[in-house]
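A.B. asks: There's a structure below that I have some questions on.
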Amino acid sequence: MPTRSSIPATPRIISPSPTPSERDALEYTGPMTRAARRRLATPLPVSEEGNEEDDVPGRRRARTRSRSPVETRPTAGRRTSKKRTTKIADANTTSTDSTTAAPNEDMAVSEKQAKEVSNGHLLPPQPAGYTGWGWKDISRSPSPLGLIPIHRHWRAFIHRHEVPRKALHVSIGFFVVWLYLSGTQTLSVCPYLMGALIPIAAVDVLRHHNASFNRFYVKVLGALMRESEFTGYNGVIFYLLGAWIVLGFFPKDVGVVGTLLLSWCDTAASTFGRLYGRYTPRIRSGKSLAGSLAAFLVGVGTSAFFWGWLVPTKGPMPGDELFMFTGTLRLPQLLSEAVGLTPAQATISGGLALGVMSIWSGFVAAASEVANVCGLDDNLTIPVLSGLGIWGFLKIFG
C-alpha cells in the first residue's frame with residue numbers, strides 16, 4: 001500500500017495511469033476510495049513482457065490503452081499542453097514526467113528548434129474549432145507581434161491602431177495644401193522628394209545587410225513602421241516615389257489631388273477597415289467593404305474640398321491656368337453626335353460637374369486602394385493609379 005511520507009505542493013494529474021509496479025515506486029498516489037483500494041488489492045494480470053525492440057536501451061514502448069484496472073472517464077475535447085525543456089527539473093518532477101512523456105521524446109530536432117514534450121497537465125475543454133493562440137488575437141494588422149520592441153509595449157496605440165504612422169500619413173496631405181496656398185509649383189517639389197528618397201532607400205538597403213544596424217534602426221523609428229517592414233522595405237520609400245511620380249508627370253491639379261487621396265483615403269481605409277471590416281464582406285485578402293467605402297467617401301470629400309472650395313476661394317495660384325478640370329464636363333463629340341445631343345446638351349457645369357468629378361475621384365481612390373498590382377506597396381499604387389484614372393477621365397470628358 002502506498003505511503004504518504006511526502007506530498008508535493010501541487011499534485012499532478014497523471015494520464016495514462018501507471019502500472020501497479022510503477023505505482024509502488026511513487027511516493028504519493030492521491031486519495032482513492034475504498035472500492036478502488038479493494039480492486040487494487042487484486043489487480044488484473046498485465047503482461048509487461050516486451051518484444052525484441054523493447055530491449056533497446058533508452059526506448060520505451062508506447063501503450064495503446066491504460067493499464068489501470070480503474071475505469072476513467074474519457075477526456076474528449078482536451079489536449080495536452082506543451083512546454084520548452086530548458087532546465088532539468090527536480091527529482092520528483094522528473095519521476096512524474098517520465099510516466100507521461102510522449103513516445104517521440106527522444107527524437108532529435110534541429111539546432112534552431114527547441115524540443116517540446118508533454119508536461120502531464122490537461123487543459124480544460126476548448127470551444128469547437130479552436131486552433132490555438134495566434135498574433136491575430138491581439139492585432140489584425142498584417143505583421144507578427146514581437147519583432148519591434150516598441151510594438152510590444154504599445155500594442156493598441158502603435159501596433160494595432162498605428163496612430164503615429166497614420167498621423168504622419170495625414171499630415172503630409174495638409175503639408176501639400178500649405179504648399180499649394182504658398183504658390184509652390186509641383187515640379188519644384190520633385191527634386192526635394194528625390195533628394196529624400198535616395199538616402200532613405202540607401203539606408204534601408206544597408207540595414208538589411210547589417211543585423212545590428214537594423215535593430216538600431218527599428219528601435220529609433222519603430223513607432224512609424226509596421227512589423228512586416230522589419231524584413232521588408234520601409235513604406236516611406238514607396239510614399240515618396242508615388243508622390244514624385246504623380247506630381248512630376250501629371251498636371252498640377254491632378255498631381256495635388258492624387259497626393260491628397262494617398263494621404264487621406266489610405267488612412268481612412270485602414271482605420272475603418274480595422275474597426276468595422278469584420279462586419280462587412282471581404283473584397284480580397286486584407287481589404288474589406290468597410291475600408292473601401294471609407295476610402296470612397298473621403299475621396300469624394302477630398303475632391304469637393306479642393307476643386308469646390310480651396311481653388312475658388314484661395315486661388316487662383318500660379319499654374320492654375322493649366323488645370324485639367326475647369327468646372328465643366330462634356331461628352332466627346334462623336335458620342336454626343338451619335339445620341340443626337342447638341343453641344344449645350346452634352347455639357348454640364350457648376351455643382352453638377354463638381355459632383356460627377358468628386359464621385360469619380362472617390363471611385364478611383366477606392367479602386368486603387370483595393371487593387372493589387374504585382375504585390376506593390378499601396379503607397380505607390382494609390383497615387384499613380386488615382387492620377388491615371390483622373391487624368392484619363394478628364395482627357396475624355398474635360
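Yeah, the Cβs are placed from backbone N, Cα and C, and that goes for glycine too.
So TrEMBL says this about it:
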- 1-16: compositional bias 'Low complexity' (COMPBIAS)
- 89-102: compositional bias 'Low complexity' (COMPBIAS)
- 1-125: region 'Disordered' (REGION)
- 167-183: transmembrane segment (TRANSMEM)
- 189-209: transmembrane segment (TRANSMEM)
- 230-250: transmembrane segment (TRANSMEM)
- 256-277: transmembrane segment (TRANSMEM)
- 289-310: transmembrane segment (TRANSMEM)
- 348-368: transmembrane segment (TRANSMEM)
A.B. asks: Counting only residues 6+ away from its ends, which parts of the chain sit with a Cβ under 8 Å from the transmembrane segment (230-250)?
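C.D. replies: Contacts with the transmembrane segment (230-250): 143, 147-148, 172, 186-187, 189-190, 193-194, 196-197, 200-201, 204, 208, 214, 218, 224, 256, 258-259, 262, 376-377, 379-384, 386-387, 391.
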A.B. asks: Which residues, given as numbers and ranges, are at least 6 beyond the ends of the transmembrane segment (189-209) yet have a Cβ under 8 Å from it?
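C.D. replies: Contacts with the transmembrane segment (189-209): 179, 217, 231, 233-234, 236-237, 240-241, 243-244, 247-248.
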